[in-house]
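The following features are taken from TrEMBL:
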- 3-175: domain 'NADH:quinone oxidoreductase/Mrp antiporter transmembrane' (DOMAIN)
- 28-49: transmembrane segment (TRANSMEM)
- 56-76: transmembrane segment (TRANSMEM)
- 82-104: transmembrane segment (TRANSMEM)
- 125-145: transmembrane segment (TRANSMEM)
- 165-189: transmembrane segment (TRANSMEM)
- 210-231: transmembrane segment (TRANSMEM)
Amino acid sequence: MAAATKVAAFGAMLRIYYTVFANAEWSWSPVLTAIAVITMLLGSLVAVTQRDVKRMLAYSSIAHAGFLLTGVIALNKSGLDATIFYLFAYGITTVGAFAVVTLVRDSSGEVTDLNRWKGLGKRSPFAASTFAFFLLAFAGIPLTSGFIGKFSIFSAAYESGATGLVLVAIFSSALAAFFYIRVIVLMFFSDVSEDGTGVEIPSLLTRSTIVVSAAITLILGVYPTPIINFISDLAIFIR
C-alpha cells in the first residue's frame with residue numbers, strides 16, 4: 001500500500017512538473033529543494049530514534065521521498081529516467097520488506113518491536129537474510145537496485161547544478177545506512193530473544209513475493225541496463 005501510494009503520487013508529480021511547470025523552473029525549484037532537504041533530513045533523523053520496525057520503515061520512506069524529489073528537481077532527462085527507476089526499484093523492495101515483517105509474530109499478532117527481533121537470523125535465516133538484503137537495498141549498497149537508483153538520481157542532480165542538494169542527500173543516505181545496518185546487526189549478532197516471538201511459515205504467495213522482490217532487487221543492481229533503456233523510452237510520454 002505504501003509503495004503503491006508513493007508511486008502514484010510521484011508519477012502524477014512527474015507528469016505535472018515536466019509538462020506544465022517545465023518553463024517555470026525558477027519559480028518552483030527553490031520550494032521543492034527546501035522540501036527535499038527537510039524530508040531527507042527529518043525522515044532519516046526520526047527513523048534513527050525508532051524502536052519499531054514498521055515505524056522505522058515508515059519514517060525512512062519520508063527520506064526516500066526526498067531522494068525522489070532530488071531527481072524531479074534536476075529537470076533533465078537523466079533526472080526523469082532516474083526518478084522513474086528509483087520509484088520502481090523502491091516499490092519492489094518495499095513490498096518485499098513488508099512481506100517479511102508479516103512473518104515475525106507471536107500469539108497476539110505481528111511483532112514489530114526491534115528488541116524482539118534479536119537473534120532472528122538464528123530462528124529464521126530466510127526471513128532475516130531477505131530482510132537484511134532489502135535493508136541494504138534501501139541503504140543504497142552496491143549490487144542492489146537502491147545503489148543504482150541513488151547513484152543515478154545524485155548524478156542527474158549534480159549535472160543540473162544542485163551540488164548542495166546532492167551533499168545533503170549523501171549525508172542523509174549515510175545516516176539512513178546507520179539504522180539499517182543497526183537492524184542487521186541486531187538480527188545476526190545478538191542473542192535470541194526468548195519472549196515467545198516466532199517466525200510464521202510463509203504461505204506460497206508470501207514466499208513468492210519475498211523471493212521475486214529479492215530477485216528483482218538483485219537483478220536491477222547487477223544488470224539494470226534493460227529496464228533503464230525501457231524507462232528511457234517510456235519517459236518520452238511524460239515529457
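Each Cβ is built from the backbone N, Cα and C atoms, and glycine gets one as well.
Looking at 28-49, 82-104, 165-189, the range that has the most CB pairs within less than 8 A of the transmembrane segment (56-76) turns out to be 28-49. Listed by sequence, the residues of this chain that lie at least six past the ends of the transmembrane segment (165-189) yet keep a Cβ under 8 A from its Cβ atoms are 33, 36-37, 40-41, 43-45, 47-48, 50, 53, 56, 60, 63, 66-67, 70, 73, 114, 117-121, 128, 131-132, 135-136, 138-141, 150, 153-154, 157-158.
Contact between the transmembrane segment (210-231) and the transmembrane segment (28-49) is not supported: fewer than 3 Cβ pairs lie under 8 Å, counting only residues 6 or more apart in sequence.
Packing against the transmembrane segment (82-104) from elsewhere in the chain are residues 2-4, 6-7, 10-11, 14, 53-54, 57, 61, 64, 67-68, 71-72, 74, 110-112, 116-117, 120, 124, 127, 130-131, 134-135, 137-138, 145-146, 148-150, 152-153, 155-156, 197-200, 202, 206, 209-210, 212-214, 216-217, 220, 224, 227-228, 231, 234-235, 238: each is 6 or more residues past its ends and has a CB under 8 Å from a CB in it.
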